[in-house]
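What follows is a structure written as C-alpha cells; I'll ask about it next.
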Amino acid sequence: MAEPDPSDPLETQAGKVQEAQDSDSDTEGGATGGEAEMDFLRNLFTQTLGLGSQKERLLDELTLEGVTRYMQSERCRKVICLVGAGISTSAGIPDFRSPSTGLYANLEKYHLPYPEAIFEISYFKKHPEPFFALAKELYPGQFKPTICHYFIRLLKEKGLLLRCYTQNIDTLERVAGLEPQDLVEAHGTFYTSHCVNTSCRKEYTMGWMKEKIFSEATPRCEQCQSVVKPDIVFFGENLPSRFFSCMQSDFSKVDLLIIMGTSLQVQPFASLISKAPLATPRLLINKEKTGQTDPFLGMMMGLGGGMDFDSKKAYRDVAWLGDCDQGCLALADLLGWKKELEDLVRREHANIDAQSGSQAPNPSTTISPGKSPPPAKEAARTKEKEEQQ
C-alpha cells in the first residue's frame, strides 16, 4: 500500500482526525471530544469541497422589515431573483403541481401515459401533437405580466438587479421589460425554435411558431420536414449553457437572493439557492415554505445550502407566505416603491391593451386600491396561510 503523502491536505487532515480519536479515547470528556471531531469533519468537508464561508449575520431581524432595511443599506447592491410558475399564476397561467388547478392535474384529455410525458423529449419526437395542443392554450402573448414581473423590472430600474433566473417559459419577463442580458431562462423559451433533426437544426422565429400552433398544424421544418420544437428544455435535455456560465459568475458576488413562486423541486435550478455565499440573505415569497435543509447533510457538512427559517441557528432566511403579487406589494410598500410599482403595472397593462386592441384587463392582476398586506411576521404569515387553506 502506498505511503501517505504529507503534502496531500486530505492525508494531513485524516491524520489529525486519527489523533483526535486517540486523544478522545483517553479522556473522560468523550462527548466533548466527539463534538470537536464532528466540527473538524465539517471543516474538512467544507475545505475539501470549497464550500466554506463566514456565516455573518447581515439582517437585523428575520422579517420582511429586516430584509427591507438591508436592501436600503450600502451592503445590498446586487440582487438575484429566482422565480418559478407561481409568479405567473395570477396572469392565468397554471403552475405544474397544484393538486386541482396545476397543469399536471388537467392533462387527462391528451391521453398521456403519465402527465410528465408531455414534456419528455423522447415522447415528443414520437407524439408531438399533445404538446402543441397544450401550447395553444398556454402560448406567450395571450397573457400580461404580473405585479411580480414588474417588481423585478423595478429592481432593474433601481440598479439593484444582477440577474433574474427563471424556470418559466412564458417570456413574461421579457414582456415586462427585462432585456436578454438580465435573464437566465433556465428551462428555455418560446422566443426561438429549432428543427429537432440534429443534422439540420434550422432556426425559426416566435412569429413562425405562433402561426403554426394557432393553425393547429404540427410545425414541420421547411428543409427536412422534421418536427420543429420551441427552445424550451424538455425532460431528457440539457439546460442552456448560459445557465452554467452565468451561475459561475453571478453567485460569488450576490448580496441578496429573492426566491418567488417556486417549489424548488427541479434540479439543477433548485440547487441555485446553495450557490450564494453563506452570509447572503435569502427571501422566499411563496405560498408555502420550500427548499429547507436536509438535517443530516446540514449536520455532517455544515452546509448553508438549504433554507433554514425556523431553527435556533437561522440567521439569513426569511419566508413571506402568501400570494406572490401581494408579497411583492408588501415589500415595495416597505421600500417606499408601492405607488411607483402600481403606476408601472397600470401603465404597462394599458400599453399592452392598446397594442392588442383589447381594453379588458386580467382581473387577477388588477391592483386592489386597498392597503397591501402587512409585513410578514411569523404570526401574520401563519394566519394568512390558514385563511387561504
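Just so you know, glycine gets a Cβ as well, placed from its N, Cα and C.
What Swiss-Prot shows for this protein is this:
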MOD_RES   Ala2  N-acetylalanine
DOMAIN    57-338  domain 'Deacetylase sirtuin-type'
BINDING   85-89, 95-97, 167-170, 262-263, 286-288, Cys324  NAD(+) binding site
BINDING   Cys195, Cys200, Cys221, Cys224  Zn(2+) binding site
COMPBIAS  353-369  compositional bias 'Polar residues'
COMPBIAS  378-389  compositional bias 'Basic and acidic residues'
Rank the binding-site residues Cys195, Cys221, Cys224 by the number of other Cβ atoms within 10 Å of each Cβ, and give the residue at the low end.
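Checked Cys195, Cys221, Cys224; of these binding-site residues, fewest Cβ neighbours within 10 Å: Cys224.
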For Cys200 (Zn(2+) binding site), list the number of other Cβ atoms lying within 10 Å of its Cβ atom.
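Its Cβ has 15 other Cβ atoms within 10 Å.
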Which secondary structure state does DSSP assign to Ala85 (NAD(+) binding site), in the simple three-class scheme?
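Once the DSSP labels are grouped into three classes, Ala85 (NAD(+) binding site) ends up as helix.
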According to DSSP, folded down to helix, strand and coil, what is Cys195 (Zn(2+) binding site)?
strand
I need the neighbours of the Zn(2+) site defined by Cys195, Cys200, Cys221, Cys224. Which other residues of that chain put their C-beta within 8 angstroms of the C-beta centroid, in sequence order?
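Neighbours within 8 Å of the Cβ centroid, excluding Cys195, Cys200, Cys221, Cys224: Val196, Asn197, Arg201, Lys202, Glu222, Gln223, Gln225, Ser226, Val228.
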So what pLDDT does the domain 'Deacetylase sirtuin-type' (57-338) average out to?
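It averages 89.
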Which is it, of Thr262, Lys287: the one of these binding-site residues whose Cβ has the most other Cβ atoms within 10 Å?
Thr262
Please report the distance from the Cα of Asn168 (NAD(+) binding site) to the Cα of Cys221 (Zn(2+) binding site), rounded to the nearest angstrom.
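Cα-Cα, rounded: 25 Å.
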Near Asn168 (NAD(+) binding site), how many other Cβ atoms are within 10 Å of its Cβ?
25
Let me check the 10 A CB neighbour count of Ser88 (NAD(+) binding site). How many other CB atoms are there?
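Neighbour count, Cβ to Cβ under the 10 Å cut-off: 27.
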Which one is it, among the binding-site residues Ser88, Thr262, Lys287, that lies nearest to Cys221 (Zn(2+) binding site) by Cα separation?
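Comparing Cα positions, the closest of these binding-site residues turns out to be Ser88.
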